[in-house]
Amino acid sequence: MSAPVIPKTQKGVIFETSGGPLMYKDIPVPVPADDEILVNVKFSGVCHTDLHAWKGDWPLDTKLPLVGGHEGAGVVVAKGKNVDTFEIGDYAGIKWINKACYTCEFCQVAAEPNCPNATMSGYTHDGSFQQYATANAVQAAHIPKNCDLAEIAPILCAGITVYKALKTAAILAGQWVAVTGAGGGLGTLAVQYAKAMGYRVLAIDTGADKEKMCKDLGAEVFIDFAKTKDLVKDVQEATKGGPHAVINVSVSEFAVNQSIEYVRTLGTVVLVGLPAGAVCKSPIFQQVARSIQIKGSYVGNRADSQEAIEFFSRGLVKSPIIIIGLSELEKVYKLMEEGKIAGRYVLDTSK
């Protein structure tokens, strides 16, 4: 294969200050380091984390100026001299974890998302809201050629994240799992992964469009939190005692704390969504007496990533996506803040 022609400049969305103007403009194409690949990003999903990165409202500093995005799917067009795991023309994915140290106590047990020296795409390393982006070749995801690059983009964060959360819940096939925020980008994927893993799914969200989507994707029960008079009672009745696990992907502190009330005795509450400044509160007596576990789950490691991608490549999981141009990113953030997104927005970097 002849070497692709790589331009000196590209289109991207960049901001210079937290919460500052989102500028769609010409920016330089990065040069891959010795251990990196350069990916011609065709499509990028938009995650709630990207909104936080722009606002700068997490207790973790971003680099500035910053190109956000960490769900980038594209084609390898260049690679550093030490890279032997990718070839030019391969499909590759840019994930949240861009690079880890691979030597700390966490990396040694394959918990590289917890590496204190990790760099994050679209946060501390320029991400996928540009036409060309770099990623460490060890962390970059290998995407099978049978995959649609637009549809697989959300799998690279949302899919991996909810798949890992379901593994963290450690429940058995046939048991109940509740998903809060089930109609959003993470939630719609959580419903599908849970179904594919053999669980019975109860979806919690609001709105007729989200109810239809969740049920079409495999949810057995949908509870509209805005309509129910007693959500805790309704959830426990529908699952005959409460779900064995709850996957909290909503960005609601109230939803998190409410899930501790309705989860089944001996059940597990998994925290995934990160509402700014939120606190998880659990009555200690009830948590001890009912033997409830509360666990955090933070993206996934390389094995989790490839497993999540395999579910997609086998057709067991689909991405309910809406494709718009990269230049329209600010519109997506506005809809995200208003809670009006069903499924996932994906940006076409050519527009």
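A Cβ is built for glycine as well, from the same backbone N, Cα and C atoms used for every other residue.
Straight from Swiss-Prot, the features:
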BINDING   CYS47, HIS70, CYS157  Zn(2+) 1 binding site
BINDING   CYS101, CYS104, CYS107, CYS115  Zn(2+) 2 binding site
BINDING   GLY181, ALA182, GLY183, GLY184, GLY185, LEU186, GLY187, ASP205, LYS210, VAL272, GLY273, LEU274, ARG344  NAD(+) binding site
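Structure coloured by features recorded in Swiss-Prot.
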{"residue": "CYS47", "record": "Zn(2+) 1 binding site", "DSSP (3 states)": "coil"}
{"residue": "HIS70", "record": "Zn(2+) 1 binding site", "DSSP (3 states)": "coil"}
{"residue": "CYS115", "record": "Zn(2+) 2 binding site", "DSSP (3 states)": "coil"}
{"residue": "CYS157", "record": "Zn(2+) 1 binding site", "DSSP (3 states)": "coil"}
{"residue": "GLY183", "record": "NAD(+) binding site", "DSSP (3 states)": "coil"}
{"residue": "LYS210", "record": "NAD(+) binding site", "DSSP (3 states)": "helix"}
{"residue": "GLY273", "record": "NAD(+) binding site", "DSSP (3 states)": "coil"}
{"residue": "ARG344", "record": "NAD(+) binding site", "DSSP (3 states)": "strand"}
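Across GLY181, ALA182, GLY183, GLY184, GLY185, LEU186, GLY187, ASP205, LYS210, VAL272, GLY273, LEU274, ARG344, which the record gives as binding NAD(+), the greatest C-alpha separation is 21 Å.
Counting every protein chain shown, the Cβ of GLY183 (NAD(+) binding site) has 28 other Cβ atoms within 10 Å. Least crowded of the binding-site residues (GLY181, GLY185, GLY273), judged by neighbouring Cβ atoms within 10 Å of its own Cβ: GLY273. Most buried of the binding-site residues CYS47, CYS101, CYS104, CYS115, CYS157, judged by other Cβ atoms within 10 Å, is CYS157. For ARG344 (NAD(+) binding site), applying a Cβ distance below 8 Å and a minimum sequence separation of six or more within one chain yields GLY45, VAL46, PRO154, ALA158, GLY185, THR188, LEU189, SER319, PRO320, ILE321, ILE322.
Each of the binding-site residues CYS107, GLY187, LYS210 was scored by how many other Cβ atoms lie within 10 Å of its Cβ, and the smallest score goes to CYS107. For HIS70 (Zn(2+) 1 binding site), the number of other Cβ atoms no farther than 10 Å from its own Cβ, over all displayed protein chains, is 30. Recorded residues HIS70 (Zn(2+) 1 binding site) and CYS101 (Zn(2+) 2 binding site) have their alpha carbons 19 Å apart, per Cα-Cα distance. When the Cα atoms are compared, GLY183 (NAD(+) binding site) and CYS115 (Zn(2+) 2 binding site) turn out to be 31 Å apart. Note: the CA-CA distance between CYS101 (Zn(2+) 2 binding site) and GLY273 (NAD(+) binding site) rounds to 26 Å. Apart from CYS47, HIS70, CYS157, the residues listed for Zn(2+) 1, the same chain places the Cβ atoms of GLY45, THR49, ASP50, GLY69, GLU71, LYS95, TRP96, SER121, GLY122, LEU156, ALA158 within 8 Å of the centroid of those Cβ atoms. Of the chain residues outside the Zn(2+) 2 site list CYS101, CYS104, CYS107, CYS115, ALA100, TYR102, THR103, GLU105, PHE106, GLN108, GLU112, PRO116, ASN117, ALA118 have their Cβ within 8 Å of the site's Cβ mean position. Note on proximity: of the binding-site residues CYS104, CYS107, GLY181, LYS210, GLY273, the one nearest CYS157 (Zn(2+) 1 binding site) is GLY273, by Cα distance. Between the alpha carbons (Cα) of CYS47 (Zn(2+) 1 binding site) and LYS210 (NAD(+) binding site) lies a span of roughly 18 Å.
Taking the C-alpha positions, the distance from GLY181 (NAD(+) binding site) to CYS115 (Zn(2+) 2 binding site) comes to 28 Å.
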